[in-house]
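J.: As annotated in TrEMBL:
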- 29-281: domain 'Nucleoside phosphorylase' (DOMAIN)
- 35, 66, 86, 87, 88, 118, 222: phosphate binding site (BINDING)
- 203, 245: purine D-ribonucleoside binding site (BINDING)
Ligand SMILES: O=P(O)(O)O[C@H]1O[C@H](CO)[C@@H](O)[C@H]1O
């Protein structure tokens with residue numbers, strides 16, 4: 001089923017080695033920027049930028065609002081790598097490719113993954129422009145056997161049957177909440193459950209009602225596979241959704257969402273999200289491992 005050429009471990013190792021040969025300081029924190037949220041990467045100091053197209057084994061970004069660049073640099077004195085653009089299943093990539101960057105980061109020494117996304121609100125009290133700290137997720141494709149961990153397990157990454165009960169690090173979540181209070185954003189910040197769907201269509205009304213009944217507070221087309229793979233290989237994970245629209249749960253009185261409006265809201269609110277992530281990075285203790293070898 002998996003050819004030698006596609007062997008995921010060897011692919012990750014090759015990519016990690018290529019990057020390690022070129023970056024000045026290996027990262028200890030990785031940040032994935034969601035739709036329209038790539039401006040965060042521009043705030044890194046002493047940046048080194050690689051286009052995805054030049055990195056061996058990396059897919060390329062095909063979605064507007066995802067620039068397709070990997071940026072290494074420091075934020076609050078911490079060595080970081082920022083993905084300016086992520087990969088989605090609906091682009092036609094297999095899940096091992098969607099999540100390949102996370103494993104590459106692990107091999108480079110990353111200990112903490114901060115993942116952001118644009119998402120639609122299913123919760124009555126969330127408004128457009130609000131933030132949702134991800135407490136947990138529902139991986140809809142994963143429940144239907146579209147899981148990045150399917151296939152032979154490579155113990156060098158993690159165990160066959162990982163537990164996901166504490167995927168989203170409780171300490172990072174509570175620190176982020178404190179920060180939003182300090183920054184004066186308490187009223188627009190929530191903690192909730194993110195539901196990943198495959199996309200690329202936005203949800204039908206009946207689907208939206210169904211997801212709400214399941215316990216989802218927000219819905220998007222990413223994040224869960226990245227979080228699963230990061231947890232599997234022992235990273236601490238923090239997830240943050242920017243609520244870019246409300247998802248219609250009735251047939252009247254609501255405008256249909258489109259990707260342009262998602263990007264507009266991201267642009268409007270990206271500063272708030274950047275401030276929160278920047279302050280959170282300042283609190284994270286992690287060490288750059290200059291001797292880290294691919295395992
Ligand atoms: O999850 P991110 O990459 O932020 O993007 C979200 O925005 C796009 C839809 O507008 C979808 O790709 C959805 O997942």
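Placed from the backbone N, Cα and C atoms, the Cβ positions cover glycine too.
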J.: Once near-sequence residues are set aside, which residues in the chain of residue 118 (phosphate binding site), 6 or more away, have Cβ atoms under 8 Å from its Cβ?
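T.: Once residues fewer than 6 apart are set aside, residue 118 (phosphate binding site) is near 34, 35, 36, 37, 220, 241, 242, 244, 262, 263, 265, 266.
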J.: So around the phosphate site, 35, 66, 86, 87, 88, 118, 222 aside, which residues have their CB within 8 A of the centroid of those CB atoms?
T.: 34, 63, 65, 85, 117, 221
J.: Tell me which binding-site residues (35, 86, 118, 203, 222) have a Cβ under 6 A from ligand 1; sequence order is fine.
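T.: The binding-site residues passing the 6 Å Cβ test are 35, 86, 118, 222.
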J.: Report, in whole Å, the straight Cα-to-Cα distance of residue 86 (phosphate binding site) from residue 203 (purine D-ribonucleoside binding site).
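T.: With distance taken Cα to Cα, residue 86 (phosphate binding site) is 21 Å from residue 203 (purine D-ribonucleoside binding site).
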J.: Do me a favour and check the Cα-Cα span between residue 87 (phosphate binding site) and residue 245 (purine D-ribonucleoside binding site); whole Å is fine.
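T.: Cα-Cα, rounded: 21 Å.
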J.: Give me the CA-CA distance between residue 245 (purine D-ribonucleoside binding site) and residue 86 (phosphate binding site), in Å, as a whole number.
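T.: Here the two Cα atoms lie 20 Å apart.
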J.: Could you please provide the mean pLDDT value for the domain 'Nucleoside phosphorylase' (29-281)?
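T.: That region's mean pLDDT is 96.
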J.: Which one is it: of the binding-site residues 35, 222, 245, which Cβ has the fewest other Cβ atoms within 10 Å in this structure?
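T.: Relative to the other binding-site residues in 35, 222, 245, 245 has the fewest Cβ atoms within 10 Å.
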J.: If you measure every Cα to Cα pair among 35, 66, 86, 87, 88, 118, 222, the residues listed for phosphate, what is the largest value in Å?
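T.: Max Cα-Cα spread across the phosphate binders: 14 Å.
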J.: Could you check the binding-site residues 86, 88 and say which one's CB has the most other CB atoms within 10 Å?
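T.: Result for the most crowded candidate: 86.
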J.: Return the residues near residue 66 (phosphate binding site), defined as same-chain residues 6+ apart in sequence whose C-beta is under 8 angstroms from its C-beta, sorted by sequence, else 'none'.
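T.: Correct list: 33, 35, 38, 84, 85, 86.
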J.: Other than its own, how many Cβ atoms are within 10 Å of the Cβ belonging to residue 203 (purine D-ribonucleoside binding site)?
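T.: The answer is 20.
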